[in-house]
Amino acid sequence: LSLSHSLTHTCYARVWIPDPEEVWKSAELTKDYKQGDTVLHLQLEDGSDLQHKLDPNTKTLPHLRNPDILVGENDLTALSYLHEPAVLHNLKVRFIDSKLIYTYCGIVLVAINPYETLPIYGTDIINAYSGQNMGDMDPHIFAVAEEAYKQMARDERNQSIIVSGESGAGKTVSAKYAMRYFATVSGSASEANVEEKVLASNPIMEAIGNAKTTRNDNSSRFGKYIEIGFDKRFHIIGANMRTYLLEKSRVVFQADEERNYHIFYQLCASSRLPEFKALKLGTANDFHYTKQGRNPVIDGVNDAKEMCTTRSAFSLLGITELYQMGLFQVLAAILHLGNVEVKDRDSDSSIIPPNNNHLMVFCDLMGVAYQDMSHWLCHRKLKTATETYIKPVPRLQAVNARDALAKHIYAKLFTWIVEHINQALHSTSKQHSFIGVLDIYGFETFEINSFEQFCINYANEKLQQQFNMHVFKLEQEEYMKEQIPWTLIDFYDNQPCINLIEAKMGILDLLDEECRMPKGSDDSWAQKLYNTHLKTCGLFEKPRMSNRAFIIQHFADKVEYQCEGFLEKNKDTVNEEQIHVLKASKFDLLVELFQDEEKVTSPTGAGPPTGGRTRLSVKPDKGKSVQASKEHKKTVGLQFRNSLQLLMETLNATTPHYVRCIKPNDYKFAFTFDPKRAVQQLRACGVLETIRISAAGFPSRWTYQEFFSRYRVLMKQKDVQSDKKMTCKNVLEKLVQDPDKYQFGKTKIFFRAGQVAYLEKLRADKLRAACIRIQKTIRCWLARKKYLRVKRAAITIQTHVRGHQARCLATFLRRTRAAIVIQKYQRMYVQRTRYQRMQAAALAVQCILRAYVARQQYKALLREHKAIIIQKMVRGWLARQWYQRSLEAVVYLQCCVRRMRARRELKKLKIEARSVEHYKKLNIGMENKIMQLQRRIDEQNKENRTLSERLSSTESTHAAESERTRRELTRLRGAEDEARNSANRVASLQEELERLKVELQSTQKEKKAIEDWAQTYQDEMEQMISELKEQNHLLKNEKNDLNRLIQEQGQQWTEKMQRALKEETSQLESDLNEERSRYQNLLTEHLRLEEKYDDLKEEMTLTMNVPKPGHRRTDSAHSSNESEYTYESEEGSRGMEDVTKGALDMALVLKLQKRVSELEQEKQGLQNELDRREEQFQRARARDDEQHKKARSAELEYESLKRQELESENKKLRHDLSEMRQSLMGSVGASSAAPGSPAYKVLLDQLNASTEELEVRKEEVLILRSQLVSQKEAMQHKETMTDSLHYVEDVQKLTDAKEISQAYMGLKDTNRSPRFLRKPLAVNELENRLRAPLPDMHKINEDGELWLVYEGLKETNRLLELQLQSQRRSHEAEMEALRGELQTVKEENHRQQQLLAQNLQLPPEARIEASLQHEITRLTNENLMLPTEDPKVYRTNKLRRMIDLLEQLEKQDKTVRKLKKQLKVFAKKISDLEGGQIENVSPGQMADEPMHPVNIPRREKDFQGMLEYKKEDELKLVKNLILELKPRGVAVNLIPGLPAYILFMCLRHADYLNDDQKVRSLLTSVINSIKKILKKRGDDFETVSFWLANTCRFLHCLKQYSGDEQFMKYNTPKQNDHCLSNFDLAEYRQVLSDLAIQIYQQLIKCMENILQPMIVSGMLEHETIQGVSGVKPTGLRKRTSSIADEGTYTLDSILRQLSSFHATMCQHGTDPELIKQVVKQQFYIIGAVTLNNLLLRKDMCSWSKGMQIRYNVSQLEEWLRDKNLMVCGAKETLEPLIQAAQLLQVKKKTDEDAEAICSMCNTLTTAQIVKVLNLYTPVNAFEERVSVTFIRTIQNRLRDRKESPQLLLDTKTIYPVTFPFSPSSLALETIQIPSSLSLGFLTRV
């Protein structure tokens, strides 16, 4: 032992150490432990160091921690180290981190209350666990329930589920879910609603037996054991409930923060209801019994709603309203009794004040006398041997007596309710087995423990003993099974504690003895306990500080009980006089409560006749009254002990299953784990004892295959042998030296505790060493690659450097040589430049000197010339000065004159400027002003130029004048004297001149101002114009921008509308799929109800005819359903149906009525949708009306012309026939007409030709009639659905939508059943139906025709689409037809002329035949022509014309038949004459007769693709072709769809004969026979696939040869000739479509049943890639191995099965589109089942499993590619599974990883993503778990997703199926019937 410790407790080993707060704390050794050490050096998880002292006495080392890979396991026994801290830590990790509340502990399911509603109890979860092994799925209460159900069915042994735990731990909820599982999985057998009744008992029992405590809002204050009964087919047939130890004291007392039973608060909350007014109730605070806890309200609970639930449950269980009110009356009386006030009269007596209101109400409700009750509440009767005394009692005793009476009444009421619940759940059928669910109180210990806690703990002691023995037994069986030596394991046996309580002179025995003592008391009983057990029993102790208490050492803990109240509670006494008063009550229910043995009426109101329910005695004892009185005197302890003993006997006779409920905290916080409280409960409920028993032996168990797969890495190649068992033995002997640490069994290896951890450590070390070696090799490889890469880089660098250096040297040499050359040329250049410079300088000096001399000479000459010029200029200046003075004087004079004129003009301008007209002219427009100013400026410029010219002329004149003046100057000098005289005059003139100059200057200034103003105004105008231009440019730009924006918006709107159109289209498609799915689901539900009805009818038939106990169970999925239509072949069975309907159970009738109401609601919704669609279609009808009328009018006109031509031809034929008959009758005796004569032969040939011609005409008439009938049907249908608006306008002006819908429903009423359009409706009848009111929708629903209306609406949609397409084509072809018509007429005229010329050359006989042949050809061509006329006048007349056409055709048909019969008669007569007279003619005479050449061509009659059969052969046909045809036998060698072709060819012949009865009978027989064969062999995939293919082919044939244009366009001309001619089978096509849907769903179910067992094993468990994932250690629960053993399904098995399905469907000729839909459904089932199992299996959520899944999915995709099915949508159904596999493999640490996961997993819901992350489990030590923070991040990112909260995918979902039209190219006339079908009675026609 010390050696092993030294090996395990080494440095870095992790251990558990005790902690007062967390119970156990994790630490890590920092130093190796050595033997003899007293201190361990540890480091806690927070990094602090600790020295842990060992116990010096025991030297016990701390518990070792399990490897991280084992933490979070589903089964606690899978842990290598089994001890308390490991169990606590594993539960905490699963509960807090993974949010998993269920964990296995061996055979025990540990359930931790999450205090939160979890979505793990839905029907989808129940279906997922149904049929699964217990260890295959994650722990769940459903897994335990499934195991119990499976063992009951397999072992034929009763089962029990024992649910225990503290108050508030979730016992009741767990038991409720277990019962819900049984009710869902099994269902009821014969009686209706049994499972609902079982579940309905829960709210009743919770109301009367549950209450709010400080630990639980819905605590069960009683124990109950429910036995759910099953029949031989394991269907629920009933249940029975037993209750234990109701806490009656709660009725009269509640502690703080607690409540009374829920039913009282529900009554008070509903007190305002009218029916409760008589109870005179108020709020809960008004009554003493409901207000003591001071907290009457529970958060989140509506007591009024709960009251409604309770009353509904009462009603469902058959307790009538009268009895319910009686119960509530008793409960209200108890509340009023608690408010009765008792006062002291004196110290020894008490009194109730008179007229006490509450006592009066109590007496009124209970029907007792007020005086009697008030008297006996305050008095009691004492009996002695001789006398009887009435003694008053003190107030305290009176109050106790009142409370005892209330408790007693409530206990009686509780017992009564339980008994009647049992009666309601009781079944008349024989119970074959049962499953019991025990919901009983767990171990309790409070501060004050009394009699109730004592009984509860006593019951738990008994249950713990049974549990220990069962665990011990299982361990022993396992060891013996594996042939391992069995050694007794020392486990705690609580038998001494049980003996202390129940043995002779035990606690209960002494308590009963003390109760029988006259003066017994609690103190004396305590002293007896001390004297008896204190020294003799070590489990019994006495408290130090009390003499009225005792301590018992229970298996869970020590409990101190207070003796006070034990005797009173054990005796449970009540004043007998009070009971007598109650028995004398007038209230029947109260009397019934206190009757012990009398039979009373049933609460359901049924009387005593046979078959009614009767109430039995409350007490189970049916002995004599003496025995009953003794029973009544039994103490509570004795009764409880007896009932507990009966319970233990029941449990021992069953196979138990244990559920231990744990309360994680006392504050009801969601997902909060308190280690202290959890450890207390684990110790109390026996989980740790299970662990200890397991740990004492060999807790870890591996199969040899699993051990080999897991620890293959520890083996060497030479150790591996073919025998894996020997391999494991040899390896294990080498790995584990101590042979006591393991044992080898037959199939498993058993390990001691801790050995798996040791092996895991060796495996991890080996893998770590391998990883190090791999890392070393990889790093070496990487380093060498790096070195080689660096070496290559260095060589490359050296190469480049050396090249660079060489290039540099070459450059240097080139540069040196270049430098020398440059120096040479440079020096030469310098010298040459110097020489040139010197030469230039010399030349420059010479040039300068010579220039200086020349300049000096030039200057001298120039000075002389300049002097002359100066003289000239001076003289000229003087002359100019004189001229200028004269000129200025002249100019001055001119300016004065001009100034005067300008002033006058200015005055005029100012006057004009001040005038209004001037302003108006100025403001006319800016452009006018600008133009005026421009003109003015131009005028001024013109004036300036004029003035300039005048000035120049004036100057020239002035110059001339100056010359003249100069000439006269000399003359004037002479007159100087005269000048002096006129000096004064000159002075005055000068002054005047100065004045004129000043005026001229002012005028110039004014002119300049005006010019400046004009310039300014012009600039402003130009600026304004520029601004306007800029504004205009901006407006243009804005306009362009707006245009561009409008275009962009238009494009955006166009794109948006396109997107909206696409979205609307997709939405319509989805709505269509939803409608199709809803219709198919309704069809499935209808079929299921019919199947159930058929099963019930068969069962009742068997019950009436063959009365045997029980019957064999049949799968309802294999039952067939009859069509919704009524066929004549079913009329014979109606009488029997009427007989059997009367025997149905009333409950079933109620259930069917409920279903009918639901269907009516759905029908109303469909009717609303129908009205909405009609409004849409009416708007579309108006647009298409004109186009429809043109085509239909032309067709009818064309048919009328053909009819007239046929009539004329028929008249001609009748005329010819009459002439031939007359000639024949006239020449009977003539020798010229004797047989053999030429005339006779000609006549005979003409008669035969006429006969053939009549046959041909008959066929043409039939074809024409069928076309008219089909057109009439189509037109009636179209007019009814699309053109009813115009008909209504012609018949009656309907004004609102209601009248239109009424008319539409009236027309639809004519289409109720399949009809064959032989006689059309008259117009008056049609008008009457249009005016008919809306039919009763309930009646329509009774006939099941609501879906017919809906199908008619869909047919209307299809017709509208086809009409739109046909109108487009017709309009395109109309013009071309009109053009070609004239040419056709011309050609026909020319051809007729030629034919007439040819006929004139022929003999008369041949001329008649040629004419007939020509007419036949012409009529045939006209039949093929399209109508070109376009009448617009008639509407309602076309109906009359169609009716006339049909009537005339029928008359012609009759005429042709009559002519045919006459021809046959004549032919017979002629043959008789020929046979009698041919002997008289000699050969010579025959040869001598002249023969005239007759050209009469014969028309050979080809095979028309029909099969004729007799009416009596119909059953033989159906039997040989359907019922007895085996797909694996004869049908393998047939052409695909041959039975469908044969049936259709028979149908064609019946149509050809115009026999509607035969058509109806054949179709009915075919449909019923297919249903019968499916019911018989519905589980055979080949049979279902075969008839699915043939049914679809038969449906396609009905469409292809229906004569509808939309189907005929795919046909050949020959196939168009084979179309049905007389009957329209459109509604039968709908029936066949429904039948095909049924077969398709049956095919999917059959396929699912085959694939279901393969999917989980092949997709999840099997290792397709061997060695990727290792098997983790398992617990005691068996888990399916992932190793492919013999018989295990693999992925190849799935692929082979899929290939088999595909090959079978292809062989049977299934449509490719239908195959794609089947494959899509197959892949959806595979993906959904795989994903659901992945979400429910923690062991499958790992990285390696994700790789396996992705590989398996890739193999499935490869299969799709091989079969060319990638576009069928099957791959998309696997997308959730693919994303789940990717989620297992991606990195899950950072926020970027979270973002990537959210974007990647778009098809997974948030619940599924979080579930996978919570379940993710590392398989190897190198993987890491997903942190809680990361999961919270994912949840926050996905918070805004709008999706369903459902966790699992619905595996029962079936995609809506469609049957696209697939025409056949096979010609019917070429089909040969093989002889193997035994159809020789069929004749080809």
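Just so it is clear, glycine is given a Cβ too, placed from its N, Cα and C backbone atoms.
Per TrEMBL, the features are:
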DOMAIN    10-62  domain 'Myosin N-terminal SH3-like'
DOMAIN    71-764  domain 'Myosin motor'
BINDING   GLY165, GLU166, SER167, GLY168, ALA169, GLY170, LYS171, THR172  ATP binding site
COMPBIAS  601-614  compositional bias 'Low complexity'
REGION    644-666  region 'Actin-binding'
COILED    1350-1395  coiled coil
COILED    1442-1469  coiled coil
DOMAIN    1564-1840  domain 'Dilute'
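Distribution of TrEMBL features across the structure.
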{"residue": "GLY165", "record": "ATP binding site", "Cβ within 10 Å": "27"}
{"residue": "GLU166", "record": "ATP binding site", "Cβ within 10 Å": "25"}
{"residue": "SER167", "record": "ATP binding site", "Cβ within 10 Å": "21"}
{"residue": "GLY168", "record": "ATP binding site", "Cβ within 10 Å": "22"}
{"residue": "ALA169", "record": "ATP binding site", "Cβ within 10 Å": "25"}
{"residue": "GLY170", "record": "ATP binding site", "Cβ within 10 Å": "25"}
{"residue": "LYS171", "record": "ATP binding site", "Cβ within 10 Å": "27"}
{"residue": "THR172", "record": "ATP binding site", "Cβ within 10 Å": "23"}
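Within 8 Å of the Cβ centroid of the ATP site, not counting the listed residues GLY165, GLU166, SER167, GLY168, ALA169, GLY170, LYS171, THR172, the chain contributes ASN113, ASN216, SER219, SER220, GLY442, CYS661, LYS663.
The predicted model assigns the coiled coil (1442-1469) a mean pLDDT of 64.
Residue counts for the region 'Actin-binding' (644-666) under DSSP (helix as H, G, I; strand as E, B; rest coil) come to 9 helix, 8 strand, 6 coil. Each residue of the domain 'Myosin N-terminal SH3-like' (10-62) gets a DSSP state, and the totals for helix, strand and coil are 0 helix, 24 strand, 29 coil.
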